[in-house]
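Q: Here it is: the structure, laid out below.
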Amino acid sequence: MTRINIFDTTLRDGEQSPGVNLNQLEKLEIAKQLERFGVNVMEAGFPASSRGDFEGVKKIADTIQQASVTGLARAVKSDVDAAWDALKGGVDPRLHVFIATSPIHMTHKLKKSPDQVVTIAEDMVRYARKTFPKVEWSAEDASRSDLDFLVHIIEKVIDAGATVINLPDTVGYTTPYEYGKMFRYISENVRNIDKAILSAHCHDDLGMAVANSISAMENGATQVEGTINGIGERAGNAALEELAVAMHIRKDFYNIETTINLGETKRTSDLVSKLTGMFVPRNKAVVGQNAFAHESGIHQDGVLKHAETYEIITPELVGVHSNDLVLGKHSGKHAFKDRLKKLGYELSDELLGKAFVEFKQLTDHKKMITDDDLFTILTDIQTSAYDISSYDLTSFQVHYGSGNLPTATVAMTNPDGDKCEEARTGSGSVEALYNTLDALIKEELHLTDYQLNSVGRGRDALAEAHVKMTVEGIDVTGRASSQDVLEASAKAFVNAVNRFIHQRAMEAGTKNDQEHTILT
Ligand code: KIV
Ligand code: ZN
């Protein structure tokens, strides 16, 4: 069997999705889940890009034990140094350094000749190997590069110490046939290719990212890169859960194995979707809600007679269980803790106490607490600790009646600790609430997106609200869940503003920090 390494870039390329803005705690939660999912390498960010990214990558590298944590660097020494500072505490640190190799990028973006690019690439890999035991080198826009130039530069960077050669389809332009052919050519023509492993990294602009990655594997790649739910720049990256399940289901054909724990697939997808606000379409392969729904009578009949007539993937394979145990009003702390442990949460006593209080409050309104509810409570608790003063929603009321103008009254504490109260109207309840919050919050705000979802099913399901807004011209997102849709909406709004305040405080820290330059 051929072993394929899974390289996850949800926290770097995925985080570059428009509108995605994760804080450090959220990144850490995703990293821990990726570890449970069993990825071999996780790209935690771009350490030189900002103080926040640096700290986030460092925290992940210092925490993760079962995967190699990497960070991105441009081919400049200061990026490599920042990456080493962030990653050196990890169990298996590696660098991911890139430079573009296509004529269009070298001429117009880098304004360098091919020979200059070769020299920079070699020098940077050699420099990185002074500290990093493993260095992945990427030929950005490889799929639009000259094949013989690729052969030449790859030989040089392998001689300089590169251990992984990644050939990205940066703009999602290639086709499975062409991409596979490129891998075959490189495998057959690069003299020292046996000293490195070949990696595929595909974008989905033409909807072919997964097919292209598979084609690369068929032609010599032994590492595939991608993101959970396929999030990423523009149309996104290859969806890792699709690749992992495809390799498993078709191992009869590919004879491939990975270290992926497929039973963690759904939970990994749910966590990424919840924290990024990038919702998974119902019909999405492997993790969409309809992936296992057989609607037509003929299909239902077939599945009932023999599941494999129409079902090639079982829900259980990817961690979807219909018989999730439920907790209720009378469940004690012991049962609660036990269930959390089974779900993979290891909590400090303080967090456990906090989670139990939330759980009990929820049981006042909701009879059966499902794993989805626990997942929401726990995710919210683990990702919401800010240690700077921020806005705090004390109470609110909304008056709505058909034929009346909806009116909201909100009381809150501002970051200076002052109590304040306002009332405003709006054409609907949410608008009235948001107009009132806007009047109370001193920053300049513009709401750009608002989404409401239910967690699980049933009339008493938790509501989860996601907002996107600009605060003082900066894009931020906010998220909150509650039994009530208006409360979830209000809290998501306040959460976005608080995240902005936190981000501003972090950036103020960066300006005083000479070591880490913010890159544009
Ligand atoms: O798509 C791409 O080319 C990248 C590189 C930075 C590897 O993400
Ligand atoms: Zn990419």
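Yeah, the Cβs are placed from backbone N, Cα and C, and that goes for glycine too.
Feature table excerpt (TrEMBL):
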- 4-266: domain 'Pyruvate carboxyltransferase' (DOMAIN)
- Asp13, His201, His203, Asn237: Mn(2+) binding site (BINDING)
- 392-520: region 'Regulatory domain' (REGION)
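Describe the structural surroundings of these features, if you would.
A: Proximity of His203 (Mn(2+) binding site) to non-local residues of its own chain (separation of 6 or more, Cβ distance below 8 Å) is seen for Pro168, Asp169, Thr170, Val171, Gly172, Ala209, Gly232, Glu233, Arg234, Ala235, Gly236, Asn237, Ala238, given in sequence order.
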Q: Other residues near the Mn(2+) site, CB within 8 A of the CB centroid of Asp13, His201, His203, Asn237?
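A: After dropping the recorded site residues, what remains is Thr9, Pro168, Thr170, Cys202, Asp204, Ala209, Glu225, Gly226, Thr227, Gly232, Glu233, Gly236, Ala238.
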Q: Fewest other CB within 10 angstroms, which one of the binding-site residues Asp13, His201, Asn237?
A: Asp13
Q: Taking DSSP as the reference, which of helix, strand or coil describes His203 (Mn(2+) binding site)?
A: strand
